[in-house]
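To start, the structure itself, in structure tokens.
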Amino acid sequence: MGLFSHNDSNGHNLSEFWQLSQRFWLGGKPRVTGLIVVMVGVVLAQLAVQFYLNQWNRHFFDALERRDGGELWTQTFVFLVLACTSILVAATSVWARMTGQRKWRESMTRSILERWSRKSHAAPMNGHDHNAENPEYRLAEDVRVATDSPVDLLMALLSSVLTALTFFGVLWSVGGSIGITAFGSRIDIPGYLVLGVIGYSSFMTALMLWFGRRMTSISEQRNQNEAEFRAAAEVLRGCEPGGEGRDTRWMDKLDRRLQEVLRSWRDLCWQLVDMTLVSHGNFLFAPVAAYFLCFPKYLSGAMSLGEVTQSAAAFVTVQGAVNWLVDNYQRIADWRSSANRVAALIAAIDRMPDTSADVVVGTEPTPR
């Protein structure tokens, strides 16, 4: 199953999920629009702080190399200002992000409940459509994941794109070009740090796509098995005690469900082991790769210590931005799994016959 494919393996699609989402985010409500502006503003503010911290790296280590005590104290004060600003921006980011998640979940849940309420006298969902088994779990847990993750992921993606564009310029200007001698000729490579980070990041992304290719299907199967185990336990709790064959029959069923849950967690464990090989290796090698690329120019005197640290920090920043997919692959897979299950629930409800007049559940949410 493709991570970003429009249709899942069961044939349902996410169009209705996106329509309900657009109704909330693009409905033109002033408070929702204001919330979007705040979230974008937070991303821009974080980028500005990150840029000035990168500049600070250069000035601080150049002063350290010169043993300039006065400049070191000045840069210490600058760092404190940047740190305080970063803390305030981070706190604002948490508020904006969680407010958006909470209100989106409320809007999505109310929309589904209204649809379901209109079909409340129809056949029970579990017996009506096998694609929407355990609707209570989907309504509670899957809607939560389906509305939480996109806010985090999209803010991180916007930040990554803007960060990459900004710090590509830093790498190009500070790193400059490097000359290599091959077959008796000297070749100058302009923007070699930019080329280096693109090559390194592309390699790591390809590795993650390969090692994590089964993550979505494994995550979706795990969620399904967990929901079926919970539903079986609920049925057992509601049964009258002392029924003939009741204990052994239901305990056998629960045991089968439990084994399926444990098997799905074992599959998830091995999938995460594979992905950790890539993500942790990337965490260790990225800064070292940056320093190795800078060493030749530093040893030749073409780079100062401050420029090396600035370039290395920019390299790691760009690499982290470009490797957004590597860092978020598991969460994207979990979101895709939950969104698929929510889409299946919406489709199953829509296929049930209408049995009542329009029902309104609560009020349309607004951020506060």
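Each residue, glycine too, has its Cβ placed from N, Cα and C.
According to TrEMBL, the transmembrane segment annotation covers 32-53 (among others). For the transmembrane segment (32-53), the list of distant contacts is 24-25, 79, 82, 85-86, 89-90, 92-93, 96-97, 99-100, 103, 151, 155, 158-159, 162-163, 166-167, 170, 317, 366-367: same-chain residues at least six beyond its ends, Cβ to Cβ under 8 Å.
Per TrEMBL, domain 'ABC transmembrane type-1' is recorded for 37-334.
The transmembrane segment feature in TrEMBL is assigned to 73-96 (among others).
For 153-172 (among others), the entry in TrEMBL reads transmembrane segment.
What TrEMBL records for 192-212 (among others) is transmembrane segment. Among residues of the same chain six or more beyond the transmembrane segment (192-212), those with a C-beta under 8 A of the stretch's C-beta atoms are 168, 171-172, 174-175, 177-178, 271, 274-275, 277-279, 282, 286, 289-290, 293-294, 311, 314-315, 318-319, 322-323, 325-326, 329-330, 333.
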For the transmembrane segment (153-172), distant same-chain residues with Cβ under 8 A (at least six beyond the ends): 39-40, 42-44, 46-47, 50-51, 54, 93, 97, 191, 193-194, 197, 310-311, 314-315, 317-318, 320-322, 324, 327-328, 331-332, 335
